[in-house]
Amino acid sequence: MGLTGAARLAGVMGWPVAHSLSPRLHGLWLDRYGIDGAYVPLAVHPDRFAEAFRGLVALGFRGANVTIPHKEQAFALCDRLTGRARAIGAVNTLVIGEDGLVTGDNTDAFGFIENLRTDAQATGAFEGPALVLGAGGASRAVVHGLLAEGVPEVRLANRTRARSETLAEVFGQCVRVVDWPVPHAACADVRLAVNTTSLGLGGGDMAPLLDVLPALPAEALVTDIVYKPRITPFLLAARARGHRIVDGLGMLLHQARPGFEAWFGTAPEVTADIRAAILSDLGETSA
Ligand code: ATR
């Protein structure tokens, strides 16, 4: 539908931003719910982020998503932070109030958990120890989400051990650092294995990742936060071994829900046709 002068505005700030799927996703929802609003890509150079951040407020935007490389700068600039943004140490969603104050939220943990909660494949995945591979920014959101969901223990393995130790210090005793490559004994009773390393994208030495699979119990669920390729080499190998798998696209779709609701006033749903439309943008099918 066309915009009126009263249209609500939001967007995504990134550098680069051209690859972002968010404008398409929010655009599909705006059409679906017949909302007088727009969500636009905002290519913002890191040197001009603070300026752009204040510009959004001056322009009357309802808010924005923030993506690479701006998540930490956004964290520092917000007037208020939600508890989960504080815990994760980064911001991916800005909500601008009528008073012009900016609240920084982080919806990545929410997206990760909702993706599993809404997938029948994932039944029981939170009811035992989880193995998280990788200790970067994405891992921090995943660990926060798992602990908030009541997972009793998170075993954290990362090539650079110091990074997993830092996360364990931040999150406390339910997080246990394990070696990389992961000792098989640390996999024995795992209910959920999550790859948050960029090895999902392909390239790099995949062996330490793939070596986890034979040590997992048959009923363990395996997931990856990378969604392009939709079925990563890790998921492909897990599926070949008979594991239930959940791909990472749902995390992207679900993390967008809280922002859309805050800016446009309607709680959007992740439906099969929305997922199919985004998959087709990625050049993927759901097979
Ligand atoms: P993100 O915010 O997406 O998590 P990041 O902070 O750059 O990105 O983290 C990337 C993760 O992938 C890290 O856990 C990184 O391990 P290191 O901390 O040792 O760098 C992991 N990673 C990247 N390339 C890897 C490789 N070839 N082998 C193992 N781990 C790798």
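The backbone N, Cα and C atoms fix where each Cβ goes, glycine too.
Copied from TrEMBL, the annotated features are:
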{"type": "DOMAIN", "residues": "12-94", "note": "domain 'Shikimate dehydrogenase substrate binding N-terminal'"}
{"type": "BINDING", "residues": "Ser20, Leu21, Ser22, Thr67, Asn92, Asp108, Tyr227, Gln255", "note": "shikimate binding site"}
{"type": "ACT_SITE", "residues": "Lys71", "note": "active site, proton acceptor"}
{"type": "DOMAIN", "residues": "130-174", "note": "domain 'Quinate/shikimate 5-dehydrogenase/glutamyl-tRNA reductase'"}
{"type": "BINDING", "residues": "Gly134, Ala135, Gly136, Gly137, Ala138, Asn158, Arg159, Thr160, Arg161, Ala162, Arg163, Ile225, Gly248", "note": "NADP(+) binding site"}
{"type": "DOMAIN", "residues": "248-276", "note": "domain 'SDH C-terminal'"}
Listed recorded positions with Cβ under 6 Å from ligand 1, out of Lys71, Asn92, Gly136, Ala138, Arg161, Arg163: Gly136, Ala138, Arg163
Cβ neighbour count (within 10 Å, all chains shown) around Asp108 (shikimate binding site): 27
Neighbour count (Cβ, 10 Å) for Gln255 (shikimate binding site): 23
Segment-level pLDDT (mean, integer) for the domain 'Shikimate dehydrogenase substrate binding N-terminal' (12-94): 97
Ser20, Leu21, Ser22, Thr67, Asn92, Asp108, Tyr227, Gln255 excluded, remaining Cβ within 8 Å of their centroid (shikimate): Val12, Asn65, Leu252, Ala256
Rounded inter-Cα distance in Å - Tyr227 (shikimate binding site), Arg161 (NADP(+) binding site): 25
